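**Q** Take a look at what Swiss-Prot says about it:
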type: TRANSMEM; residues: 59-79; note: transmembrane segment
type: TRANSMEM; residues: 113-133; note: transmembrane segment
type: TRANSMEM; residues: 148-168; note: transmembrane segment
type: TRANSMEM; residues: 179-199; note: transmembrane segment
type: TRANSMEM; residues: 219-239; note: transmembrane segment
type: TRANSMEM; residues: 254-274; note: transmembrane segment
type: TRANSMEM; residues: 281-301; note: transmembrane segment
type: TRANSMEM; residues: 330-350; note: transmembrane segment
type: TRANSMEM; residues: 421-441; note: transmembrane segment
type: TRANSMEM; residues: 464-484; note: transmembrane segment
């Protein structure tokens, strides 16, 4: 997780280059030039980053680029100004007749285009996830599929997107829509698991230090106060911006309910019956969850359609950020951009952390990450950097202090993160981005401008449900040990 650093080995070609001295210097340049299409790692010419970081960065850039293209194709303003087409970009009639035998062809913009681009990126990552399953060593030939052949992989990705555009709407939408919904919900659950594991690991880590040194107790207190302050300020701003004395009853009820959830989870975190089974349970983890609940509440309220009431013979729009008087309101695009930015940052966080934990704890990382107990505290406030071997499993370790560049590395024996898990997380992320941009269940008339400014009830209730799922998940983590009365509690 954040703060944990990785030491990875250099590629085989670089190791041979160092051993053979001058001869390798002549051969190294052609190999570096061919690395985009060949098996030589692209990072052989990148001495400031490790191979794993370079590969991960490039995949992130590919995903960001694909998501940006989806936004442009979904934007009615961009389509009208760039292509001058008010009803979307049409496929050339000659190509359309050749592929489909008629003039009824898929539109190259709008929600259909988003579905097709995301279908290409999702298939791209799913295929790599399958091909890289049970890969644990960077020296395995299959690791080159992840770290090399960049030009070929880019062409393959473009080819998948082109093939998706050749599929008629009636064949694509019915099945792919439900696949996207299932993948989107799965990715939401993955995010919730990660944020609860993040909160619990941070709390266990620093509470372990607080039991040994008072300075750690000060850090726990300051962090707890900081998160509760952010949650409180967020709640006040939400009441001020998204409620009105003459309306917005649903917003008021939702905010009040979620504040009650935060209070309930905080009380349970320090309840004596909970602390007997979980001595390290405390307000730090509850404050992090409370802060995340307020973010999910903001995300839900900013995604709902505005409320309109009649006052003195005039229609007035309420429940939008900005003015709190009985005056016409306009959508605030800055709030939409801020919400979209946080959403995508959470997407990238989930993809990277899931791949790291999958390699650190193995296939059952979702369960093992909650059971891990820290033996000594670390300034790194999240997950363990080293997991001891258990029942014959291999040991996986991360360096906590520095990351040595490739020029001074010894070849690593294990991956710093799970390549297969990384691609599967991006497969789910592609589906999540697809359904989020197209308003989940109401994708037919989706437009970028409406998605982030006018909202939809489908998106609103999905985000409310994700908030309630977060509450239930954390509540289950607190109460689950009580269901096993004969289990021994770990030492504080």
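Cβ atoms here come from the backbone N, Cα and C positions, even for glycine.
For each feature listed, report its degree of burial, its nearest neighbours and the pertinent distances within the displayed model.
**A** Same-chain residues lying 6 or more positions outside the transmembrane segment (113-133) and placing a CB less than 8 Å from one of its CB atoms are 62-63, 66, 69-70, 73-74, 89, 106-107, 142-143, 145-146, 153, 156-158, 160-165, 167, 172-173, 176-177, 180, 183, 419-421, 423-424, 426-427, 430-431, 433-434, 437-438, 443, 446.
Counting only same-chain residues 6+ beyond the ends of the transmembrane segment (219-239), those with a CB under 8 A from a CB of the stretch are 202-203, 206-207, 209-210, 251-252, 255, 259, 262, 282-284, 287-288, 290-291, 293-295, 297-298, 301, 381.
For the transmembrane segment (254-274), the list of distant contacts is 231, 235, 238-239, 242-243, 281-283, 285-287, 289-290, 293-294, 297, 300-301, 464, 467, 471, 474-475, 478-479, 481-482: same-chain residues at least six beyond its ends, Cβ to Cβ under 8 Å.
Sequence-remote contacts of a segment are chain residues at least 6 beyond its ends whose Cβ falls under 8 Å from one of its Cβ atoms, and for the transmembrane segment (421-441) they are 56, 59, 63, 66-67, 70-71, 74, 111, 114-115, 118-119, 121-122, 125-126, 128-129, 132, 146, 179-184, 186-188, 190, 343-344, 347, 350-352, 354-355, 357-359, 448, 450-451, 456, 458-459, 462.
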**Q** Among the recorded stretches 59-79, 281-301, 464-484, which has the greatest number of Cβ pairs closer than 8 Å to the transmembrane segment (179-199)?
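**A** Looking only at 59-79, 281-301, 464-484, the most contacts with the transmembrane segment (179-199) come from 464-484.
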**Q** Using Cβ atoms and a strict cutoff of less than 8 Å, what residues sit near the transmembrane segment (464-484) while being 6 or more residues removed from its termini?
**A** 188-189, 192-193, 195-196, 199-200, 254, 258, 261, 265, 268-269, 273-274, 277-278, 281, 289, 292-293, 296-297, 300, 370
